[in-house]
Amino acid sequence: MARTRHRNQKASGANEDDDISSMATKTFITKEGVRISELPLKTPEYGKKPTGRTLLDLIDEKRPRDAAGNPISASHKEGEAGEEDKEAEEMEEVFGHRANTFFFAVPLTILLFWLDVLVHMQYRQQTDFKLVIMRCIKAFPAIYAIHYVFHPRRMWVTVRMFLFGMSIAAGCYIVKAVNKHGYYFVMKKTPPLGTLWIWAVIEMGLMEAVLSLVAVYGYTYYAGYSII
């Protein structure tokens, strides 16, 4: 009686294992389309080159390819934005985040320089290039620190909301300053705020950037200001 019960328990356990194995074979599939039934389920021999097709070989076979037979990456499927993200990640792997921040902060500092020069030209004031260069040198550490902190976290919801709000606030403040304050105030405030505004727009996604610009335009129209 006990032996019969033991045999029945073993048989039911074996059936459960078979059911689990069968279920895993039917349901388990990688994102490349490789099923578990295609995998060579055996213990690898360490120190020896594997024989037959490996998991990497199966994944490579399942990858979509273009007309020339080259594998199509996932970022290529997602469009140009995916390609740009991949290039940015590759650059960061090569140079590191600090170097990439430096390479980004330099153009922003140059932008600050030219905004300062242009606002002087707009009001027909003589430009003291030495003073402008000194202001840019002093602003460079702040530009570097801001980009260093926010750029890796630009996809966070809180950061995106912050950039969106800051973009609208900076744009509206510049519009108000140009229309309400004197030339000295405008020359002092608008170059750094303009640089911050442009940086925020660059860091945001396309939809948020467009909406922020529309919001600034709406504020300009509602307040009766001119941007020309």
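Backbone N, Cα and C atoms are what each Cβ position is placed from, and that goes for glycine too.
TrEMBL entries are annotated by machine, without manual review.
Annotation comment: TrEMBL describes 1-24 (among others) as region 'Disordered'.
As annotated by TrEMBL, region 'Disordered' applies to 58-85 (among others).
Residues 95, 127, 129, 132-133, 135-136, 139-140, 143-144, 147-148, 151, 186-187, 190-192, 194-195, 198-199 of the same chain, all 6+ positions outside the transmembrane segment (101-119), place their C-beta atoms under 8 angstroms from a C-beta of that stretch. Under the heading transmembrane segment, TrEMBL lists 101-119 (among others).
The transmembrane segment annotation in TrEMBL covers 131-150 (among others). Tertiary proximity for the transmembrane segment (131-150) is limited to same-chain residues at least six positions away from its ends with a CB under 8 Å from its CB atoms, namely 97-98, 101-102, 104-105, 108-109, 112-113, 116-117, 159, 163, 192, 195-196, 199, 203.
Sequence-distant contacts of the transmembrane segment (156-175), counting only residues of its own chain at least 6 positions beyond either end whose CB sits under 8 Å from a CB of the stretch, comprise 150, 189-190, 193-194, 196-197, 200-201, 203-205, 208-209, 211-213, 215-216, 219-220, 223, 225, 227. Among the features that TrEMBL reports, transmembrane segment is placed at 156-175 (among others).
The annotation domain 'DUF7719' is assigned in TrEMBL to 160-227.
Listed as Cβ neighbours of the transmembrane segment (196-219) (distance under 8 Å, sequence separation of 6 or more from its ends, same chain) are residues 108, 111, 143, 146-147, 150-151, 154, 160, 163-164, 166-168, 170-172, 174-175. Summarising the annotation, TrEMBL assigns transmembrane segment to 196-219 (among others).
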Averaged pLDDT score, the domain 'DUF7719' (160-227):
91
